[in-house]
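A.B. asks: Pulled these from TrEMBL:
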type	residues	note
BINDING	Gly35, Lys36, Gly37, Gly38, Val39, Gly40, Lys41, Ser42	ATP binding site
Amino acid sequence: MGCEHRQAAGADAAPLQFDENSLSEVKRVIAVLSGKGGVGKSLITGALAVELARQGHSVGILDADITGPSIPRMFGMAGKRVGGIGKLLLPEVSEHGIKVMSSNLLLAHETDPVLWRGPMIAGAIRQFWSETSWGPLDYLLVDMPPGTGDVALTVFQSLPVDGIVIVTSPQDLVSMIVAKAVNMSERMDLDILGIVENMSYVICPDCGKKLEVFGSSKLDKVAAEHDLEILGRLPLDPDLAAACDAGVLEDRLPTGILPDAVAAVEALVPKRQSEASADPQGN
Ligand SMILES: Nc1ncnc2c1ncn2[C@@H]1O[C@H](COP(=O)(O)OP(=O)(O)OP(=O)(O)O)[C@@H](O)[C@H]1O
């Protein structure tokens, strides 16, 4: 990554990579990013994790949405607290084996607010990477905080992110918001796998017709503008919302959802691997 890019993105000149610990062996890190809040980024993160796990991969979710964590609840972990091994934290493990680390799993009560300033939030990201025993993982999905602010910058500077999935919804000011996410990723020299549109349409329960309740999708236009691959469109589905609330997303998520997004993640060559094969001597 060029220094000028890091500085243009507001980064310090000093390298800030957080170290991986000896009990973690994470092969690929994928960040799920949205330009603004409430578009369903956490749901898409959860859905990708479930589908990857169903394909037999070992999967973890690092919930970097420190002040608005919603991953534990959708995996039935509300009210649980993570344990530890020596000085390391142990992620909570879902019914079907997905490992989760989240600020909500460190709080005494799920409803306690996280009133932390920037440096403490950055400290939590460090803890979730360097001081968490992830074990061997094929994929670690990072549920990013909404937007392109301080925490997103910390994650992109400090974790070895291999690729990014951008989530958007039709009611976004889609072009400008996607442009922000794309520009940030480019300045940080990160690969964008593509874009998923959430809440794209609703299927009428009576006639089965597809209704575009937020108006017609601008996804094709925006994807073409930014040269992004379209990785799928997910409908607004009350059953999905209910499954998240009840903590049973793993059981109720329809099989085969977002196949292109799953395939793009599976096809991703880890940066560390491609760098190693480009320079087998490690020079
Ligand atoms: N496709 C969908 N169908 C039905 N409900 C959905 C869908 N996508 C998201 N939701 C619901 O919308 C709410 C917001 O979703 P989610 O928490 O995933 O958004 P987010 O972008 O991560 O939000 P934040 O910006 O707060 O991090 C949740 O209650 C979720 O269950």
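Using N, Cα and C of the backbone, Cβ positions are placed for all residues, glycine too.
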A.B. asks: Can you list which of these binding-site residues (Gly35, Gly37, Gly40, Lys41) have a Cβ closer than 6 Å to ligand 1?
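C.D. replies: Only Gly37, Gly40, Lys41 qualify.
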A.B. asks: Quick one: give me the count of other CB atoms within 10 A of the CB of Ser42 (ATP binding site).
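C.D. replies: Counting Cβ neighbours of Ser42 (ATP binding site) within 10 Å gives 25.
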A.B. asks: Taking the Cβ of Gly37 (ATP binding site) as centre, how many other Cβ atoms lie within 10 Å?
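C.D. replies: That number is 11.
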A.B. asks: Within 8 Å of the centroid of the Cβ atoms of Gly35, Lys36, Gly37, Gly38, Val39, Gly40, Lys41, Ser42, which other residues of that chain place their own Cβ, given that this set defines the recorded ATP site?
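C.D. replies: Result: Ser34, Pro146, Val167, Ser169, Asn198.
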A.B. asks: Please report the number of other Cβ atoms within 10 Å of the Cβ of Gly40 (ATP binding site).
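C.D. replies: Neighbour count, Cβ to Cβ under the 10 Å cut-off: 22.
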A.B. asks: By a simple count of other Cβ atoms within 10 Å, which of Gly35, Gly38, the binding-site residues in the record, is least packed?
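C.D. replies: Gly38, out of the binding-site residues Gly35, Gly38, has the fewest neighbouring Cβ atoms within 10 Å.
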A.B. asks: With every protein chain in view, what's the tally of Cβ atoms within 10 Å of the Cβ of Val39 (ATP binding site), excluding that atom itself?
C.D. replies: 24
A.B. asks: Within a 10 Å radius around the Cβ, which one of these binding-site residues has the most neighbouring Cβ atoms: Lys36, Lys41?
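C.D. replies: Compared across Lys36, Lys41, the most Cβ atoms within 10 Å surround Lys41.
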